[in-house]
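Straight from Swiss-Prot, the features:
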type	residues	note
BINDING	Arg14, Arg15, Glu16, Tyr17, Lys72, Tyr129, Arg133, Ser137, Arg197, Leu198, His199	substrate binding site
BINDING	67-72, 82-83, 88-89, Gln111, 146-147, Trp191, Arg201	FMN binding site
Amino acid sequence: MTDSDRLQQIAHLRREYTRGGLRRKDLPEDPLNLFEQWLDQAVAAGLPDPTAMSVATVDEHGQPYQRIVLLKHFDRRGMVFYTNLGSRKAQQLEKNPRISLLFPWHMLERQVMVLGSVERLSTLEVLKYFHSRPRDSQLGAWVSKQSSRISARGVLESKFLELKQKFMQGEIPLPSFWGGYRINIESMEFWQGGAHRLHDRFFYQREGDAWKIDRLAP
């Protein structure tokens, strides 16, 4: 297949956005209120993994990295996710706490972008969440040295069985290398698909205890 053939196969893939627009008069003053409304609608619509978000970080050379992570909590203090503290993203966040999140709710013709910086969660917060997870997920956190190179999947499976036997009785302890982050939100952008590619975009920028709202050109 030539490059021209491949281009022809994907260049026509598009659709019209017809689900409705977003108007300034309908926006709440706090973006988290709108985010909660949209997330509830994504759940009600049966979207797969509605809390899945693309998490973008950068390394010391300015190279961006992205991965899908699940949002686990949000409130006025920010948005929370958990991870292995030895992972690539955690190591990058330790050196540069700047972060970007993106929630892609394609079926609803919506997306939400979040910009901010992270802070580590307290051990108490992490412990409470860790013990709310399914037992096998707790074991999985112990097994994987995230982002490290391994020779085969069997290495993980053998370690899982070993730890399952080790922790058969009683509570599984919190690994010292497992934790979480809270994103201190500085701005949020809400995108709603529109007819003729005239999409609606609204940008919330934190100003002290309030939010400045601007409409952006699509």
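Keep in mind that glycine also has a Cβ here, set from the backbone N, Cα and C atoms.
Here the features listed in Swiss-Prot are placed on the structure.
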residue	record	Cβ contacts under 8 Å, 6 or more apart
Arg14	substrate binding site	none
Arg67	FMN binding site	Ser54, Val55, Lys89
Leu71	FMN binding site	Thr51, Ala52, Met53, Met79, Val80, Phe81, Leu101, Phe103
Lys72	substrate binding site	Thr51, Val80, Phe81, Tyr82, Tyr129, Gly180
Gln111	FMN binding site	Leu102, Phe103, Pro104, Trp105, Trp191
Arg133	substrate binding site	Ala141
Arg197	substrate binding site	Tyr17, Pro218
His199	substrate binding site	Tyr17, Trp191, Gln192, Gly193, Pro218
Arg201	FMN binding site	Glu189, Phe190, Trp191, Gln192, Arg215, Leu216, Ala217, Pro218
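If you draw a 10 Å sphere around the CB of Tyr82 (FMN binding site), it holds 20 other CB atoms from the protein chains shown. Of the recorded residues, Arg88 (FMN binding site) and Glu16 (substrate binding site) place their C-alpha atoms 38 Å from one another. Across the fold, the C-alpha of Glu16 (substrate binding site) and the C-alpha of Val69 (FMN binding site) stand 29 Å from each other.
For Val69 (FMN binding site), the count of additional Cβ atoms within 10 Å of its Cβ stands at 17 [all protein chains shown].
Cβ-based neighbour count (10 Å, all protein chains) for Glu16 (substrate binding site) stands at 10. A helical conformation is recorded for Arg197 (substrate binding site) in the three-state DSSP classification. Note on Arg88 (FMN binding site): other Cβ atoms within 10 Å of its Cβ, all shown chains, come to 16. Between the farthest pair of Cα atoms in the substrate binding residues (Arg14, Arg15, Glu16, Tyr17, Lys72, Tyr129, Arg133, Ser137, Arg197, Leu198, His199), the distance is 43 Å.
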